[in-house]
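*Asks:* Here's a structure for you.
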Amino acid sequence: MTALSGSFFVLPNFIDPFADAKLFLTFFENPVVVSIAIMIWCVYFFLIYWARKADRNDIEKVGVNIAMDNSQEDKYTYLVCIITGWWNDAGTTADVSMVITGALRQSSKHALNDDSNDRKHFQSGSEDWFVITTPNTLGDLQSVTVWHDNGGNSPAWASENFDCVPPMLNLTRIIVEDLQTKESWTFLFGDWLAVDRGVCTTTVNLPVCTQEELKSIHKQDFMLKSSQDLRNGHLWLSIFSKPPHSTFTRVQRLTCALSLLLTTMLTNIMFHGIPTDDPDDQKTVGHITLSLADIVIGIESAIIMFPINIIIVQLFMKTRAKPLMKYKIKLPWWFIYIAWTVAMTTSLVSTYFVMLYGLKFGYQKSVDFILSFFTSFFQSAFVTQPIKVIIIAVLFTLILKKPVELESRKTSVVQGEVSDESERREDDNDDGQEKNHFIPLPLTKKLIEKAKEKLRIEGLVQETLVNISLYFVFVCVILFMVHGHRNIKESYLCTKAIEDIFVHPSHSEDTWVYPTDTLAIEK
(Lines of atoms letter the chains of each structure in order from A; the text may use other names.)
(Lines give C-alpha, C1' and ligand atoms only; values in the text may rest on other atoms or scores of the structure.)
Protein backbone atom coordinates (compact mmCIF):
# COMPACT_ATOMS: atom_id res chain seq x y z
CA MET A 1 0.00 0.00 0.00
CA THR A 2 1.42 3.35 -0.97
CA ALA A 3 0.82 6.52 0.98
CA LEU A 4 -1.48 7.80 -1.77
CA SER A 5 -3.34 4.58 -2.54
CA GLY A 6 -7.09 4.87 -2.86
CA SER A 7 -7.17 8.63 -2.42
CA PHE A 8 -5.32 11.80 -3.24
CA PHE A 9 -5.08 12.57 0.49
CA VAL A 10 -2.63 11.05 2.96
CA LEU A 11 -4.44 9.77 6.02
CA PRO A 12 -2.96 10.91 9.34
CA ASN A 13 -2.15 8.64 12.23
CA PHE A 14 -5.44 7.44 13.68
CA ILE A 15 -6.49 8.35 17.18
CA ASP A 16 -9.80 8.20 19.06
CA PRO A 17 -10.19 11.35 21.20
CA PHE A 18 -12.53 9.55 23.62
CA ALA A 19 -11.42 5.91 23.76
CA ASP A 20 -7.72 6.83 23.81
CA ALA A 21 -8.19 9.21 26.75
CA LYS A 22 -7.23 6.31 29.01
CA LEU A 23 -3.68 6.68 27.71
CA PHE A 24 -3.20 9.48 30.24
CA LEU A 25 -2.97 6.70 32.85
CA THR A 26 0.33 5.70 31.23
CA PHE A 27 1.81 9.18 31.64
CA PHE A 28 4.78 8.05 33.77
CA GLU A 29 5.77 5.48 31.14
CA ASN A 30 6.00 8.15 28.41
CA PRO A 31 5.90 11.72 29.83
CA VAL A 32 7.84 13.41 27.00
CA VAL A 33 5.19 15.05 24.79
CA VAL A 34 2.75 15.72 27.65
CA SER A 35 5.49 17.39 29.69
CA ILE A 36 6.54 19.54 26.72
CA ALA A 37 2.92 20.64 26.17
CA ILE A 38 2.50 21.55 29.84
CA MET A 39 5.82 23.40 29.78
CA ILE A 40 4.69 25.43 26.76
CA TRP A 41 1.58 26.56 28.64
CA CYS A 42 3.65 27.42 31.74
CA VAL A 43 5.98 29.57 29.63
CA TYR A 44 2.94 31.20 28.04
CA PHE A 45 1.42 32.22 31.39
CA PHE A 46 4.79 33.47 32.59
CA LEU A 47 5.24 35.60 29.48
CA ILE A 48 1.64 36.86 29.70
CA TYR A 49 2.52 38.58 32.98
CA TRP A 50 5.52 40.27 31.36
CA ALA A 51 3.59 41.14 28.18
CA ARG A 52 0.82 42.91 30.12
CA LYS A 53 3.39 45.11 31.84
CA ALA A 54 5.11 45.82 28.53
CA ASP A 55 1.77 46.75 26.92
CA ARG A 56 1.09 49.23 29.71
CA ASN A 57 4.52 50.75 29.15
CA ASP A 58 3.80 51.01 25.42
CA ILE A 59 0.69 53.06 26.11
CA GLU A 60 2.87 55.66 27.83
CA LYS A 61 5.02 56.00 24.70
CA VAL A 62 2.29 56.77 22.16
CA GLY A 63 0.22 59.84 21.47
CA VAL A 64 0.84 63.42 20.43
CA ASN A 65 2.75 65.76 22.73
CA ILE A 66 2.02 69.47 22.84
CA ALA A 67 5.28 71.30 23.51
CA MET A 68 4.94 72.96 26.91
CA ASP A 69 6.67 76.15 25.77
CA ASN A 70 4.13 76.84 23.01
CA SER A 71 2.54 80.26 23.32
CA GLN A 72 -1.25 80.43 23.52
CA GLU A 73 -1.15 83.32 21.07
CA ASP A 74 0.62 81.24 18.39
CA LYS A 75 -1.96 79.50 16.18
CA TYR A 76 0.14 78.17 13.30
CA THR A 77 0.95 74.52 14.04
CA TYR A 78 3.62 72.10 12.88
CA LEU A 79 3.70 68.41 13.63
CA VAL A 80 7.18 67.00 14.29
CA CYS A 81 7.98 63.29 14.30
CA ILE A 82 11.36 62.04 15.58
CA ILE A 83 12.20 58.38 15.03
CA THR A 84 14.54 56.70 17.50
CA GLY A 85 16.19 53.36 16.80
CA TRP A 86 14.97 50.17 18.41
CA TRP A 87 18.30 48.73 19.57
CA ASN A 88 18.86 48.53 23.28
CA ASP A 89 21.03 51.65 23.69
CA ALA A 90 19.59 53.88 20.97
CA GLY A 91 17.46 56.09 23.25
CA THR A 92 18.48 59.04 25.38
CA THR A 93 17.70 60.35 28.85
CA ALA A 94 18.79 63.89 27.98
CA ASP A 95 16.46 66.85 27.36
CA VAL A 96 16.11 67.44 23.62
CA SER A 97 15.37 70.81 22.01
CA MET A 98 15.05 72.04 18.44
CA VAL A 99 14.67 75.05 16.16
CA ILE A 100 12.96 75.00 12.76
CA THR A 101 14.26 77.31 10.05
CA GLY A 102 12.07 78.25 7.08
CA ALA A 103 12.43 80.45 4.02
CA LEU A 104 10.50 83.28 5.70
CA ARG A 105 11.56 83.09 9.33
CA GLN A 106 12.89 80.91 12.13
CA SER A 107 10.88 79.43 14.97
CA SER A 108 11.73 80.05 18.59
CA LYS A 109 13.60 77.40 20.59
CA HIS A 110 11.34 74.56 21.69
CA ALA A 111 11.98 71.88 24.30
CA LEU A 112 10.65 68.55 23.08
CA ASN A 113 8.91 67.46 26.24
CA ASP A 114 5.48 67.47 27.81
CA ASP A 115 5.39 68.06 31.55
CA SER A 116 1.66 67.34 31.69
CA ASN A 117 2.23 63.58 31.70
CA ASP A 118 4.82 61.05 32.79
CA ARG A 119 5.49 59.83 29.25
CA LYS A 120 9.08 58.95 28.50
CA HIS A 121 10.38 60.30 25.21
CA PHE A 122 13.09 59.15 22.82
CA GLN A 123 13.12 55.57 24.04
CA SER A 124 14.46 52.76 21.89
CA GLY A 125 12.11 52.03 19.03
CA SER A 126 9.82 55.01 19.63
CA GLU A 127 8.30 57.50 17.22
CA ASP A 128 7.72 60.70 19.20
CA TRP A 129 5.19 63.22 17.88
CA PHE A 130 5.26 66.87 18.98
CA VAL A 131 3.09 69.84 18.09
CA ILE A 132 5.03 73.10 17.79
CA THR A 133 3.27 76.40 17.27
CA THR A 134 4.51 79.62 15.65
CA PRO A 135 2.91 83.06 15.16
CA ASN A 136 2.92 82.64 11.36
CA THR A 137 4.04 80.26 8.67
CA LEU A 138 7.78 79.69 8.38
CA GLY A 139 7.53 79.17 4.63
CA ASP A 140 9.27 76.28 2.93
CA LEU A 141 11.43 74.64 5.57
CA GLN A 142 15.18 74.82 5.04
CA SER A 143 16.67 73.04 8.07
CA VAL A 144 16.16 71.94 11.66
CA THR A 145 18.67 72.26 14.47
CA VAL A 146 18.48 69.62 17.19
CA TRP A 147 20.49 69.38 20.40
CA HIS A 148 20.39 67.82 23.86
CA ASP A 149 21.89 68.80 27.20
CA ASN A 150 23.87 65.57 27.72
CA GLY A 151 21.93 64.91 30.93
CA GLY A 152 20.67 61.76 32.63
CA ASN A 153 22.24 58.35 32.96
CA SER A 154 22.33 57.61 29.22
CA PRO A 155 22.59 60.84 27.22
CA ALA A 156 24.05 59.35 24.05
CA TRP A 157 21.33 59.26 21.42
CA ALA A 158 21.06 57.55 18.06
CA SER A 159 17.93 57.47 15.98
CA GLU A 160 17.41 54.28 14.04
CA ASN A 161 20.72 53.05 15.45
CA PHE A 162 21.98 49.77 14.01
CA ASP A 163 24.82 49.43 16.49
CA CYS A 164 24.69 45.72 17.24
CA VAL A 165 28.10 45.67 15.55
CA PRO A 166 30.54 48.57 15.19
CA PRO A 167 28.44 51.44 13.81
CA MET A 168 27.61 51.11 10.15
CA LEU A 169 24.43 53.16 9.90
CA ASN A 170 22.76 55.24 12.58
CA LEU A 171 19.70 56.61 10.89
CA THR A 172 17.65 59.54 12.18
CA ARG A 173 14.52 60.65 10.44
CA ILE A 174 12.86 63.85 11.51
CA ILE A 175 9.63 64.62 9.68
CA VAL A 176 7.93 68.02 9.99
CA GLU A 177 4.41 68.51 8.68
CA ASP A 178 2.52 71.76 8.21
CA LEU A 179 -0.96 70.92 9.52
CA GLN A 180 -2.48 73.80 7.59
CA THR A 181 -1.12 73.08 4.09
CA LYS A 182 -0.45 69.32 4.60
CA GLU A 183 3.09 69.76 3.27
CA SER A 184 5.83 67.68 4.88
CA TRP A 185 9.62 67.82 4.94
CA THR A 186 12.09 65.08 5.79
CA PHE A 187 15.48 65.48 7.50
CA LEU A 188 17.98 62.62 7.67
CA PHE A 189 20.91 62.07 10.01
CA GLY A 190 23.26 59.09 9.96
CA ASP A 191 25.19 59.29 13.20
CA TRP A 192 25.08 59.59 17.00
CA LEU A 193 24.29 62.71 18.96
CA ALA A 194 26.84 62.12 21.71
CA VAL A 195 30.07 63.60 23.00
CA ASP A 196 31.98 60.32 22.65
CA ARG A 197 30.48 58.69 19.58
CA GLY A 198 30.08 59.46 15.91
CA VAL A 199 30.65 63.13 15.16
CA CYS A 200 31.27 63.76 18.90
CA THR A 201 28.76 66.55 19.30
CA THR A 202 25.37 67.09 20.92
CA THR A 203 24.15 69.60 18.33
CA VAL A 204 23.39 69.01 14.67
CA ASN A 205 21.91 71.09 11.88
CA LEU A 206 20.03 69.00 9.33
CA PRO A 207 19.19 70.40 5.89
CA VAL A 208 15.93 69.41 4.27
CA CYS A 209 16.02 66.49 1.84
CA THR A 210 14.88 67.15 -1.70
CA GLN A 211 12.64 64.75 -3.60
CA GLU A 212 15.62 63.55 -5.62
CA GLU A 213 17.57 62.81 -2.43
CA LEU A 214 14.63 60.95 -0.91
CA LYS A 215 14.40 58.75 -4.00
CA SER A 216 18.11 57.90 -3.81
CA ILE A 217 18.33 56.82 -0.16
CA HIS A 218 17.62 53.19 -0.94
CA LYS A 219 20.05 51.87 1.65
CA GLN A 220 18.37 53.82 4.46
CA ASP A 221 14.95 52.76 3.19
CA PHE A 222 16.08 49.14 3.14
CA MET A 223 17.28 49.30 6.75
CA LEU A 224 14.09 51.06 7.85
CA LYS A 225 11.82 48.65 5.96
CA SER A 226 13.60 45.53 7.21
CA SER A 227 13.58 46.77 10.82
CA GLN A 228 9.87 47.63 10.57
CA ASP A 229 8.98 44.22 9.18
CA LEU A 230 11.07 42.36 11.74
CA ARG A 231 9.61 44.34 14.60
CA ASN A 232 6.00 44.27 13.50
CA GLY A 233 5.64 41.53 10.88
CA HIS A 234 7.64 38.69 12.44
CA LEU A 235 5.18 37.12 14.89
CA TRP A 236 7.78 35.73 17.29
CA LEU A 237 10.21 38.66 17.35
CA SER A 238 7.39 41.20 17.51
CA ILE A 239 6.36 39.88 20.93
CA PHE A 240 9.49 41.52 22.31
CA SER A 241 10.07 44.33 19.80
CA LYS A 242 6.53 45.49 18.93
CA PRO A 243 6.30 49.19 18.00
CA PRO A 244 4.59 51.05 20.85
CA HIS A 245 1.96 52.57 18.57
CA SER A 246 0.72 49.20 17.25
CA THR A 247 -2.73 48.26 18.58
CA PHE A 248 -1.90 44.57 18.07
CA THR A 249 -0.68 44.10 21.64
CA ARG A 250 2.07 41.85 22.92
CA VAL A 251 -0.45 39.73 24.84
CA GLN A 252 -2.43 39.16 21.65
CA ARG A 253 0.72 38.40 19.65
CA LEU A 254 1.84 35.94 22.32
CA THR A 255 -1.56 34.22 22.21
CA CYS A 256 -1.42 33.99 18.41
CA ALA A 257 2.09 32.53 18.69
CA LEU A 258 0.82 29.94 21.18
CA SER A 259 -1.98 28.92 18.83
CA LEU A 260 0.40 28.75 15.87
CA LEU A 261 2.95 26.67 17.81
CA LEU A 262 0.40 24.14 19.09
CA THR A 263 -1.39 23.75 15.76
CA THR A 264 1.98 23.29 14.07
CA MET A 265 2.84 20.59 16.61
CA LEU A 266 -0.51 18.93 15.95
CA THR A 267 -0.11 18.84 12.15
CA ASN A 268 3.43 17.54 12.50
CA ILE A 269 2.58 14.79 14.97
CA MET A 270 -0.50 13.75 12.97
CA PHE A 271 1.69 12.72 10.04
CA HIS A 272 4.84 11.78 11.98
CA GLY A 273 6.20 8.41 10.98
CA ILE A 274 4.00 7.96 7.91
CA PRO A 275 6.21 6.42 5.17
CA THR A 276 6.92 8.78 2.29
CA ASP A 277 9.68 6.86 0.50
CA ASP A 278 7.57 4.42 -1.49
CA PRO A 279 9.06 4.19 -5.01
CA ASP A 280 5.60 4.49 -6.55
CA ASP A 281 5.21 7.94 -4.97
CA GLN A 282 8.58 9.27 -6.13
CA LYS A 283 9.02 11.65 -9.05
CA THR A 284 12.46 12.53 -10.37
CA VAL A 285 13.01 15.91 -12.01
CA GLY A 286 16.60 16.15 -13.22
CA HIS A 287 18.77 15.38 -10.19
CA ILE A 288 15.97 16.16 -7.74
CA THR A 289 13.68 13.44 -6.39
CA LEU A 290 10.28 14.60 -5.13
CA SER A 291 7.98 12.63 -2.87
CA LEU A 292 4.33 13.14 -3.73
CA ALA A 293 3.38 12.06 -0.22
CA ASP A 294 5.54 14.80 1.29
CA ILE A 295 3.92 17.41 -0.95
CA VAL A 296 0.40 16.24 -0.10
CA ILE A 297 1.20 16.16 3.63
CA GLY A 298 2.52 19.71 3.39
CA ILE A 299 -0.67 20.86 1.65
CA GLU A 300 -2.90 19.11 4.18
CA SER A 301 -0.93 20.56 7.10
CA ALA A 302 -1.25 24.06 5.64
CA ILE A 303 -5.01 23.62 5.17
CA ILE A 304 -5.41 22.54 8.80
CA MET A 305 -3.05 25.08 10.35
CA PHE A 306 -3.02 28.38 8.44
CA PRO A 307 -6.69 29.34 7.95
CA ILE A 308 -7.61 29.24 11.62
CA ASN A 309 -4.47 31.12 12.67
CA ILE A 310 -4.92 33.76 9.98
CA ILE A 311 -8.48 34.29 11.24
CA ILE A 312 -7.25 34.67 14.82
CA VAL A 313 -4.57 37.19 13.85
CA GLN A 314 -6.98 39.22 11.70
CA LEU A 315 -9.62 39.28 14.45
CA PHE A 316 -7.07 40.70 16.89
CA MET A 317 -5.66 43.19 14.38
CA LYS A 318 -8.96 44.47 13.00
CA THR A 319 -10.74 44.88 16.34
CA ARG A 320 -10.32 48.03 18.40
CA ALA A 321 -10.95 48.61 22.08
CA LYS A 322 -13.85 50.74 23.34
CA PRO A 323 -11.81 53.93 23.97
CA LEU A 324 -10.76 53.96 20.30
CA MET A 325 -14.26 53.72 18.89
CA LYS A 326 -14.11 57.33 17.72
CA TYR A 327 -11.60 56.29 15.05
CA LYS A 328 -12.42 54.43 11.88
CA ILE A 329 -12.58 50.69 12.53
CA LYS A 330 -13.62 47.62 10.60
CA LEU A 331 -14.99 45.39 13.38
CA PRO A 332 -17.02 46.17 16.50
CA TRP A 333 -15.11 46.14 19.77
CA TRP A 334 -16.88 43.01 21.02
CA PHE A 335 -15.19 40.92 18.31
CA ILE A 336 -12.21 40.83 20.66
CA TYR A 337 -14.08 38.24 22.74
CA ILE A 338 -14.59 36.11 19.64
CA ALA A 339 -10.86 36.33 18.91
CA TRP A 340 -9.94 35.20 22.41
CA THR A 341 -12.50 32.37 22.35
CA VAL A 342 -11.26 31.05 19.00
CA ALA A 343 -7.59 31.36 20.03
CA MET A 344 -8.00 29.61 23.39
CA THR A 345 -10.25 26.88 21.95
CA THR A 346 -7.80 26.17 19.14
CA SER A 347 -4.87 26.03 21.55
CA LEU A 348 -6.62 23.76 24.06
CA VAL A 349 -7.94 21.34 21.43
CA SER A 350 -4.52 21.17 19.76
CA THR A 351 -2.85 20.55 23.11
CA TYR A 352 -5.22 17.68 23.91
CA PHE A 353 -4.63 15.90 20.62
CA VAL A 354 -0.87 16.47 20.76
CA MET A 355 -0.82 14.84 24.21
CA LEU A 356 -2.85 11.86 23.01
CA TYR A 357 -0.61 11.31 20.00
CA GLY A 358 2.48 11.55 22.21
CA LEU A 359 1.16 8.99 24.68
CA LYS A 360 0.18 6.63 21.85
CA PHE A 361 3.53 6.89 20.08
CA GLY A 362 5.64 5.48 22.87
CA TYR A 363 8.73 6.93 24.49
CA GLN A 364 11.34 6.63 21.73
CA LYS A 365 9.05 7.79 18.94
CA SER A 366 7.96 10.76 21.08
CA VAL A 367 11.57 11.79 21.65
CA ASP A 368 12.28 11.55 17.92
CA PHE A 369 9.25 13.72 17.16
CA ILE A 370 10.17 16.42 19.70
CA LEU A 371 13.74 16.68 18.40
CA SER A 372 12.70 16.85 14.74
CA PHE A 373 9.86 19.31 15.41
CA PHE A 374 11.80 21.86 17.42
CA THR A 375 14.74 21.66 15.03
CA SER A 376 12.51 22.51 12.06
CA PHE A 377 10.55 25.08 14.11
CA PHE A 378 13.56 27.12 15.19
CA GLN A 379 14.99 26.93 11.69
CA SER A 380 11.72 28.30 10.28
CA ALA A 381 11.14 30.99 12.93
CA PHE A 382 14.66 32.36 13.26
CA VAL A 383 16.31 31.58 9.92
CA THR A 384 13.74 31.21 7.16
CA GLN A 385 11.35 33.98 8.22
CA PRO A 386 14.04 36.65 8.78
CA ILE A 387 15.47 35.80 5.35
CA LYS A 388 11.99 36.29 3.87
CA VAL A 389 11.77 39.70 5.58
CA ILE A 390 15.11 40.73 4.10
CA ILE A 391 14.11 39.54 0.63
CA ILE A 392 10.84 41.52 0.81
CA ALA A 393 12.73 44.62 1.99
CA VAL A 394 15.16 44.26 -0.94
CA LEU A 395 12.27 43.83 -3.36
CA PHE A 396 10.36 46.91 -2.21
CA THR A 397 13.22 49.33 -1.56
CA LEU A 398 16.09 48.34 -3.85
CA ILE A 399 14.24 46.88 -6.83
CA LEU A 400 10.77 48.48 -6.90
CA LYS A 401 12.18 51.58 -5.12
CA LYS A 402 8.99 52.24 -3.19
CA PRO A 403 9.27 54.84 -0.39
CA VAL A 404 8.92 53.55 3.16
CA GLU A 405 5.93 54.85 5.08
CA LEU A 406 5.91 55.42 8.81
CA GLU A 407 4.05 52.80 10.79
CA SER A 408 2.73 55.28 13.32
CA ARG A 409 -0.50 57.21 13.33
CA LYS A 410 -2.02 58.60 10.17
CA THR A 411 -2.50 62.36 9.83
CA SER A 412 -6.25 62.20 10.35
CA VAL A 413 -5.86 60.37 13.64
CA VAL A 414 -3.00 62.61 14.71
CA GLN A 415 -5.05 65.72 13.99
CA GLY A 416 -7.86 64.38 16.14
CA GLU A 417 -5.42 63.84 18.99
CA VAL A 418 -3.93 67.29 18.40
CA SER A 419 -7.35 68.86 18.83
CA ASP A 420 -8.05 66.86 21.99
CA GLU A 421 -4.64 67.68 23.48
CA SER A 422 -4.98 71.36 22.57
CA GLU A 423 -8.38 71.59 24.25
CA ARG A 424 -7.00 69.87 27.34
CA ARG A 425 -4.02 72.22 27.42
CA GLU A 426 -6.30 75.25 27.16
CA ASP A 427 -8.40 73.95 30.02
CA ASP A 428 -5.26 73.52 32.12
CA ASN A 429 -4.18 77.09 31.34
CA ASP A 430 -7.60 78.72 31.62
CA ASP A 431 -6.20 81.26 34.07
CA GLY A 432 -4.65 83.01 31.06
CA GLN A 433 -1.15 82.98 32.51
CA GLU A 434 1.61 81.27 30.59
CA LYS A 435 4.36 79.53 32.48
CA ASN A 436 7.98 80.09 31.69
CA HIS A 437 9.81 76.95 30.66
CA PHE A 438 13.54 76.49 30.78
CA ILE A 439 15.09 75.49 27.48
CA PRO A 440 18.68 74.24 27.78
CA LEU A 441 21.13 75.81 25.36
CA PRO A 442 23.45 73.73 23.16
CA LEU A 443 26.65 72.66 24.89
CA THR A 444 29.70 74.80 24.17
CA LYS A 445 32.91 73.26 22.84
CA LYS A 446 34.52 73.73 26.24
CA LEU A 447 31.76 71.77 28.01
CA ILE A 448 31.90 69.06 25.35
CA GLU A 449 35.66 68.69 25.87
CA LYS A 450 35.14 68.42 29.63
CA ALA A 451 32.47 65.78 29.10
CA LYS A 452 34.80 63.88 26.77
CA GLU A 453 37.59 63.96 29.35
CA LYS A 454 35.25 62.76 32.07
CA LEU A 455 34.05 59.89 29.90
CA ARG A 456 37.65 59.05 28.97
CA ILE A 457 38.62 58.79 32.65
CA GLU A 458 35.54 56.73 33.44
CA GLY A 459 36.40 54.45 30.53
CA LEU A 460 39.96 53.99 31.79
CA VAL A 461 38.71 53.17 35.29
CA GLN A 462 36.24 50.68 33.92
CA GLU A 463 38.88 49.11 31.69
CA THR A 464 41.28 48.85 34.63
CA LEU A 465 38.67 47.18 36.81
CA VAL A 466 37.88 44.73 34.04
CA ASN A 467 41.57 43.92 33.58
CA ILE A 468 42.01 43.35 37.31
CA SER A 469 38.99 41.06 37.35
CA LEU A 470 40.26 39.12 34.34
CA TYR A 471 43.72 38.83 35.92
CA PHE A 472 42.17 37.48 39.13
CA VAL A 473 40.18 34.92 37.14
CA PHE A 474 43.35 33.99 35.21
CA VAL A 475 45.29 33.43 38.44
CA CYS A 476 42.48 31.30 39.85
CA VAL A 477 42.45 29.17 36.69
CA ILE A 478 46.24 28.72 36.82
CA LEU A 479 46.13 27.73 40.51
CA PHE A 480 43.36 25.28 39.78
CA MET A 481 45.31 23.75 36.90
CA VAL A 482 48.47 23.45 39.01
CA HIS A 483 46.92 22.10 42.19
CA GLY A 484 43.65 20.66 40.98
CA HIS A 485 45.14 17.46 39.55
CA ARG A 486 47.41 16.48 42.43
CA ASN A 487 46.99 13.08 44.03
CA ILE A 488 44.67 13.77 46.96
CA LYS A 489 45.82 10.77 49.00
CA GLU A 490 49.49 11.65 48.69
CA SER A 491 48.82 15.30 49.50
CA TYR A 492 46.87 14.30 52.59
CA LEU A 493 49.58 11.93 53.83
CA CYS A 494 52.28 14.57 53.25
CA THR A 495 50.32 17.22 55.13
CA LYS A 496 49.53 14.84 57.99
CA ALA A 497 53.20 13.82 58.34
CA ILE A 498 54.25 17.48 58.66
CA GLU A 499 51.53 18.12 61.24
CA ASP A 500 52.57 15.05 63.24
CA ILE A 501 56.16 16.31 63.38
CA PHE A 502 55.69 20.01 64.05
CA VAL A 503 52.11 20.56 65.24
CA HIS A 504 51.25 17.41 67.16
CA PRO A 505 54.67 15.84 68.10
CA SER A 506 54.44 12.41 69.76
CA HIS A 507 58.19 11.71 70.08
CA SER A 508 60.46 11.89 73.10
CA GLU A 509 62.76 14.82 73.78
CA ASP A 510 65.72 12.84 72.38
CA THR A 511 64.15 13.25 68.96
CA TRP A 512 65.13 16.92 68.98
CA VAL A 513 68.73 16.43 70.11
CA TYR A 514 70.13 16.01 66.61
CA PRO A 515 68.31 18.96 64.95
CA THR A 516 69.00 21.28 67.88
CA ASP A 517 72.69 20.36 68.22
CA THR A 518 73.49 19.89 64.54
CA LEU A 519 71.17 22.20 62.60
CA ALA A 520 70.80 25.05 65.04
CA ILE A 521 72.26 28.31 63.83
CA GLU A 522 74.95 29.63 66.06
CA LYS A 523 74.40 33.14 67.34
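Yeah, the Cβs are placed from backbone N, Cα and C, and that goes for glycine too.
From a predicted model like this one, the values you see are computed outputs, not experimental measurements.
Pasting the relevant annotations from TrEMBL:
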{"type": "DOMAIN", "residues": "76-207", "note": "domain 'PLAT'"}
{"type": "TRANSMEM", "residues": "32-51", "note": "transmembrane segment"}
{"type": "TRANSMEM", "residues": "254-275", "note": "transmembrane segment"}
{"type": "TRANSMEM", "residues": "295-313", "note": "transmembrane segment"}
{"type": "TRANSMEM", "residues": "334-357", "note": "transmembrane segment"}
{"type": "TRANSMEM", "residues": "377-400", "note": "transmembrane segment"}
{"type": "TRANSMEM", "residues": "464-484", "note": "transmembrane segment"}
*Asks:* Check for me, if you would, whether the transmembrane segment (334-357) reaches the transmembrane segment (464-484) - at least 3 Cβ pairs under 8 Å, residues 6 or more apart in sequence.
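*Replies:* No, the stretches stay apart by this measure.
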*Asks:* Can you say which of 32-51, 295-313, 377-400, 464-484 has the most Cβ pairs under 8 Å with the transmembrane segment (254-275)?
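*Replies:* So the stretch in question is 295-313.
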*Asks:* For the transmembrane segment (295-313), what are the same-chain contacts with Cβ under 8 Å, counting residues 6+ beyond its ends?
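*Replies:* Answer is 3-4, 8-10, 12, 235, 255-256, 259-260, 263-264, 266-268, 270-271, 274, 276, 339, 342-343, 346.
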*Asks:* Given a Cβ distance threshold of under 8 angstroms, which distant residues of the chain, six or more beyond its ends, lie next to the transmembrane segment (377-400)?
*Replies:* 218, 221-222, 225-226, 229-230, 233-234, 236-237, 261, 264
*Asks:* Go through the chain and flag residues at least 6 beyond the ends of the transmembrane segment (32-51) whose CB is under 8 A from any CB in it; none is fine as an answer.
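*Replies:* Tertiary neighbours of the transmembrane segment (32-51) are 24, 239, 249-251, 253-255, 258, 261-262, 265, 269, 351, 354-355, 357-359, 361, 363, 366-367, 369-370.
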